[in-house]
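Annotated in TrEMBL:
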type	residues	note
DOMAIN	94-511	domain 'Major facilitator superfamily (MFS) profile'
TRANSMEM	138-157	transmembrane segment
TRANSMEM	169-189	transmembrane segment
TRANSMEM	195-213	transmembrane segment
TRANSMEM	225-246	transmembrane segment
TRANSMEM	252-270	transmembrane segment
TRANSMEM	340-358	transmembrane segment
TRANSMEM	370-393	transmembrane segment
TRANSMEM	400-417	transmembrane segment
TRANSMEM	429-447	transmembrane segment
TRANSMEM	486-507	transmembrane segment
Amino acid sequence: MAFTDLLDALGGVGRFQLVSTALLLLPCSLLACHNFLQNFTAAVPPHHCQSPANHSAAAVYGSGAWLRATVPLHPLGLPEPCRRFTRPQWALLSPNASVDGAATEGCKDGWVYDRSVFPSTIVTEWDLVCEARTLRDLAQSAYMAGVLAGAAVFGSLADRLGRKAPLVWSYLQLAVSGAATAYFSSFGTYCFCRFLMGMTFSGIILNSLSLVVEWMPTRGRTVAGILLGYSFTSGQLILAGVAYLIRPWRWLQFAVSVPFLIFFLYSWWLPESSRWLLLHGKTQVALKNLRKVAAMNGRKEEGERLTKEVVSSYIQSEFAAGRPSNSVLDLFRTPAIRKVTCCLMVVWFSNSLAYYGLAMDLQKFGLSVYLVQVLFGVIDIPAMLVATTTMIYVGRRATVASFLILAGLMVISNMFVPEDMQSLRTAQAALGKGCLASSFICVYLFTGELYPTEIRQMGMGFASVNARLGGLAAPLLTMLGEFSAVLPPVGFGAPSILAGLAVCFLAETRDVPLVETIEAMERRVKERLSRNDAEEKGEEVSLQQLGVSPLKETI
């Protein structure tokens with residue numbers, strides 16, 4: 001008997017599963033706010049050089065004329081953001097006048113920002129424009145580096161210490177580091193705090209998903225995994241609304257960080273995964289948690305009848321084959337696990353590369369950043385509805401592969417749309433992003449189902465590391481657009497298509513009980529291969545009895 005049979009006996013998808021899933025997914029929605037926060041806190045408003053100070057001509061001619069005489073115009077008709085004339089060019093005040101070869105210089109006296117949309121951002125506070133514009137990307141890279149480090153650290157800790165302890169700590173760390181980001185006035189401290197915040201992304205996502213999946217019976221796992229996607233989508237919509245209402249970046253940062261103190265407080269109620277407890281020999285604690293779950297699901301009598309021997313009977317066949325070792329080499333040691341890991345490395349890296357390439361710089365679309373944020377969030381809803389349906393009735397493998405290949409084609413085809421058709425380019429990019437978001441959520445669930453319990457968190461952490469590498473590579477790939485406009489769309493789209501093909505080599509996990517140990521997974525794969533061989537031999541025997549050669553039949 002599998003552990004999922006025990007969960008079914010204790011109420012299946014009952015009140016406990018519904019409440020705990022809701023409490024785990026609520027923080028994930030606000031976590032999405034932090035993921036895309038720099039679309040607003042690091043927005044670049046229109047700006048131009050500050051005119052020389054203490055010049056009496058400014059009062060005589062007016063600010064508009066003074067600006068025209070001191071700052072050259074950009075080809076689009078706006079003031080040049082990074083240069084000014086060394087001397088005022090009064091001839092430019094005449095209609096249709098032009099000045100060729102006038103000497104210019106950098107913005108020695110600072111910049112003037114248009115604060116009508118963004119009263120303050122980290123760009124306006126620390127002048128992250130012109131020569132310092134790369135520091136803006138450095139701040140986002142610090143966050144993504146934190147996500148990368150968190151995937152490695154929390155993925156390993158969760159298999160050693162359990163799912164709950166790293167999750168509780170991640171809530172507290174995000175609340176404190178998020179508030180500190182809004183408080184300190186140093187850019188270096190800002191980047192360090194963003195790094196700490198990024199670490200918690202992996203700690204919260206990975207452990208929340210594992211707790212949801214490991215407490216959920218087989219029939220409820222698909223819906224639970226998709227609900228994680230919807231929580232992430234709702235977070236993007238929440239961010240657009242909160243950012244529209246709270247424009248100063250420090251208050252916006254504070255507003256999306258403080259709620260994690262509440263999550264930290266109620267997370268102590270969440271029980272540890274009984275699968276993990278049983279696997280690590282903590283049967284008494286697991287039994288106590290199972291009885292609480294049974295009572296909450298209205299099966300108190302069934303819970304009271306549970307004993308160590310009864311619980312062990314559900315998992316003995318799966319746990320007897322081995323004990324957990326906490327080495328990353330376990331992800332490559334045996335053939336079945338090695339195949340899963342190699343395929344997932346390609347899938348997670350490519351999915352993240354394309355996803356963050358589309359979603360992290362909304363100002364490039366030339367529309368309202370709030371509108372684009374809402375559009376990019378809303379498009380996920382129908383995409384995930386389709387993903388939910390196909391995952392339930394078709395399977396995980398076909399769903400993930402289809403969305404990845406479709407997203408790659410969308411991204412590549414977008415480079416053939418003319419630059420002046422911004423609305424069409426934005427809509428097509430939004431569709432591609434919706435496909436990538438759906439495949440991302442599906443592959444989270446798919447990965448959790450592919451790896452056995454004893455290395456599930458390590459496997460998901462390692463897969464997430466590859467995703468963060470993709471996130472780090474995304475801005476670098478975007479920078480290649482300065483050399484050729486073809487490179488970014490091809491660089492984002494082609495790996496996505498390749499990842500879709502790689503998914504085809506993975507096993508289907510729809511309606512399949514979770515595997516607990518590496519040995520159990522190897523046995524399952526061998527049994528599947530033996531069954532396939534038997535079926536092939538049976539077909540050959542049938543053909544021979546009919547007097548038909550298998551070769552001729554194939555021809």
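Heads up, the Cβ atoms here are built off N, Cα and C, so glycines get one too.
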Q: Take the domain 'Major facilitator superfamily (MFS) profile' (94-511) and average the pLDDT across it for me.
A: 83
(Q) At a Cβ cut-off of 8 Å, and with pairs 6 or more apart in sequence only, do we get at least 3 pairs between the transmembrane segment (340-358) and the transmembrane segment (400-417), yes or no? (A) yes
(Q) Checking distant contacts: for the transmembrane segment (486-507), what same-chain residues at least six beyond its ends satisfy Cβ-Cβ under 8 A? (A) 339-340, 343-344, 346-347, 349-351, 353-354, 357-358, 397, 400-405, 407-412, 414-415, 436, 446, 450, 474, 477-478, 480, 525, 528
**Q.** For the transmembrane segment (195-213): best-contacting stretch of 169-189, 225-246, 370-393, 400-417, 429-447, by Cβ pairs under 8 Å
**A.** 169-189
(Q) Considering only Cβ pairs within less than 8 angstroms, which of the stretches 169-189, 225-246, 370-393, 400-417 has the most against the transmembrane segment (252-270)? (A) 169-189
Q: Can you tell me which of 169-189, 225-246, 429-447 gets the most C-beta pairs within less than 8 Å of the transmembrane segment (370-393)?
A: 225-246
